[in-house]
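Here is the structure we will look at, set down as structure tokens.
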Amino acid sequence: MDVNEEAMAAHKRAFLDFLDQDVGKGVYMQAVRDMVQNKRHRLIIGMDDLRNHSLDLARRVIRSPAEYMQPASDAVTEVARNLDPKFLKEGQRVLVGFSGPFGFHRVTPRDLMSSFIGTMVCVEGIVTKCSLVRPKVVKSVHYCPATGGTLSREYRDITSFVGLPTGSVYPTRDENGNLLVTEYGMCEYKDHQTLSMQEVPENSAPGQLPRTVDIIVEDDLVDSCKPGDRVSIVGVYKALPGKSKGSVSGVFRTVLIANNVSLMNKEANAPVYTREDLKRMKEISRRNDTFDLLGNSLAPSIYGHLWIKKAVVLLMLGGVEKNLKNGTHLRGDINMMMVGDPSVAKSQLLRAVMNIAPLAISTTGRGSSGVGLTAAVTSDQETGERRLEAGAMVLADRGVVCIDEFDKMNDQDRVAIHEVMEQQTVTIAKAGIHASLNARCSVIAAANPIYGTYDRSLTPTKNIGLPDSLLSRFDLLFIVLDQMDPEIDRQISEHVARMHRYCTDDGGARSLDKTGYAEEDDGDVNAAIFVKYDRMLHGQDRRRGKKSKQDRLTVKFLKKYIHYAKNLIQPRLTDEASDHIATSYAELRDGGANAKSGGGTLPITARTLETIIRLSTAHAKMKLRHEVLKTDVEAALQVLNFAIYHKELTEMEEREQREMEMKQQADHDAGASGGNADEHRSSGNDPMDVDVGNASNDQDVPAERIEAFEAILGQHVLANHLDQISIDEIEQTVNREAAAPYNRRQVEFILERMQDANRIMIRDGIVRII
């Protein structure tokens with residue numbers, strides 16, 4: 001629509017009145033001064049200020065922006081020239097952008113309908129493609145050698161708001177037929193770039209393809225964002241005629257002509273915290289069973305796998321990312337992998353992460369390629385120019401990437417994610433494009449063994465079939481086995497039967513992951529935090545008794561807790577925790593040879609040291625502490641030991657604590673009189689007292705020592721598929737891994753107890769497994 005000069009002048013006066021009325025506040029006049037001082041050429045006008053000045057003007061700007069963009073630019077240009085006449089060259093103008101609330105004109109790419117064509121909208125989404133920045137001619141100057149004169153011509157395309165579009169053909173002769181020579185140095189150009197914006201993955205409709213909108217940015221807005229950025233773009237939604245080669249077509253291509261691009265926070269969809277929420281979070285963080293509580297609250301429909309659930313909680317919390325002054329980047333995100341038999345709920349755990357994590361993208365090994373996970377260089381179908389398209393890991397920046405069926409991925413595609421998992425960047429050097437994109441995300445993968453089911457006669461590395469270069473990039477690697485235990489099978493069957501029998505009061509089915517929401521409005525504060533106990537859903541927890549009614553958090557509160565701890569708590573390492581981490585890492589390295597031969601899942605490398613730091617920091621976040629303490633390191637070692645050895649090494653913790661206590665006591669006694677050095681631990685430091693102490697305590701072995709003995713023996717028998725073993729070999733094996741050594745009489749005493757329980761049979765110094 002071509003607006004006449006009178007209307008243009010009236011619109012310009014309206015914007016001049018708006019800027020003049022601002023003199024008392026000085027907001028926009030100061031903004032114009034800053035713009036002139038910083039040599040910028042765009043002024044951002046807030047819609048709130050425009051509404052306060054004139055509600056009718058704000059509505060007209062949104063409904064018919066083509067009529068008001070040029071007058072607004074002319075008004076700001078006039079004010080800028082009055083402040084500094086030398087600021088703008090002849091023919092230059094100050095551009096105008098808009099920001100602020102747009103009401104129902106604040107939409108996503110899926111909500112852009114034909115009713116928005118010709119109006120100003122604010123579209124939020126994630127940038128998936130960026131074209132190269134190209135110059136667009138605005139004014140051409142031509143020299144005529146015959147007459148010595150010059151001829152200039154201006155160009156406007158369909159995206160311009162001033163006048164009608166002009167042709168794009170350069171004049172080669174003047175009106176008299178004389179040849180013209182183009183003076184390229186005197187021509188005027190402006191930068192031009194096209195973007196593709198997609199709706200954010202977490203808000204896209206399930207089962208539908210994400211919608212995309214093309215965006216045109218010009219002048220100072222080019223290169224203001226890159227693929228993977230979450231942006232909010234304000235612009236005019238226009239319909240461009242299709243390239244039909246002369247035929248009449250009713251199909252139009254829609255684009256968004258941007259006038260303001262602003263980067264959004266990664267946590268734009270962050271939950272809202274109330275004062276009561278913060279109070280309850282602090283109360284939960286002070287509980288002794290916070291780790292178990294969060295682990296049980298994650299995917300309550302999955303029976304068991306408590307240690308894996310705890311590890312998933314730490315993965316969603318993450319460590320602390322560090323960027324040193326020398327350019328070194330220290331990864332803070334935790335990567336995790338699950339390998340095991342089919343039907344052990346690996347994929348269900350990935351779905352639980354998708355439901356809880358603020359930003360999570362799911363993909364599969366067979367349904368994704370290397371460039372689909374990282375980034376790709378594509379060609380634009382219309383212009384033929386190269387574009388950089390972001391992959392799943394770039395789109396999941398500051399989030400979690402869930403990769404199912406990881407073993408089905410090709411080796412070449414799997415190598416593509418090596419850089420992402422450690423350096424957390426995607427570097428592209430193809431087709432004349434060299435770029436580095438951020439991919440700061442955690443990776444949680446699930447895979448089946450190379451033989452379909454886990455072969456216990458082979459080492460974990462041979463079962464997994466993945467190279468060490470990739471395995472070492474995973475902080476945690478869990479072997480999930482389908483155990484043939486009648487008691488466990490009975491408990492699982494009861495749990496699954498309760499899941500299928502569970503229904504609401506009206507007889508309808510109910511989502512298991514959203515229990516507790518219906519009780520949030522009944523006035524009870526606990527109802528909004530803990531899932532209301534249901535015998536059919538939760539069963540009876542014999543270990544916890546009465547506490548079983550409030551041992552699971554609602555999904556809504558769990559999301560709030562994880563988001564709060566992940567983003568607002570940044571713990572730092574203390575000296576005590578650093579020393580404990582160094583000591584623990586040295587012990588893991590010393591036991592590396594035994595781990596490889598005895599069933600260790602991961603190679604113990606320098607990355608394992610960083611894994612301990614990340615897990616400890618994540619545990620400190622979970623406890624809402626700003627310092628990483630020794631208890632956090634011990635909790636991290638529990639998770640790491642379970643991942644490496646597939647058992648709870650409580651005796652390792654006891655050994656570490658006792659060694660630290662013995663070292664501190666020895667240092668203390670070195671400076672004092674050594675008469676009463678170890679009265680309370682006479683059996684540990686003086687070798688002359690070992691036999692005497694053991695002689696009096698052979699028949700009184702503590703229960704925890706008996707359990708540790710049985711655990712070590714059972715693990716050794718299972719790992720080596722033994723049906724009989726000598727007592728001498730048992731004594732050597734147990735003492736090699738135990739926190740404190742067992743003498744011969746204690747070994748025989750524990751074995752006799754196991755024989756009385758019909759678990760083993762002893763004959764002629766040989767123990768036969770029943």
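Heads up, the Cβ atoms here are built off N, Cα and C, so glycines get one too.
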Which range of 36-39, 156-159, 472-475 is motif 'Arginine finger', per Swiss-Prot: 472-475
Spatial neighbours of the motif 'Arginine finger' (472-475) far in sequence, C-beta under 8 Å, 6+ residues away: 334-337, 418, 421-422, 443, 445, 602-603, 605, 607, 610-611, 614-615
Packing count at Lys346 (ATP binding site) (other Cβ atoms within 10 Å of its Cβ): 26
Confidence summary for the motif 'Arginine finger' (472-475), mean pLDDT rounded: 82
Residue with minimal Cβ packing [other Cβ atoms within 10 Å] among the binding-site residues Ser343, Ser347: Ser343
Neighbour tally for Pro342 (ATP binding site), based on other Cβ positions within 10 Å of its Cβ: 11
Coarse DSSP state, helix versus strand versus coil, of Ser343 (ATP binding site): coil
Cβ neighbours of Asp341 (ATP binding site) where a neighbour is any other Cβ within 10 Å: 16
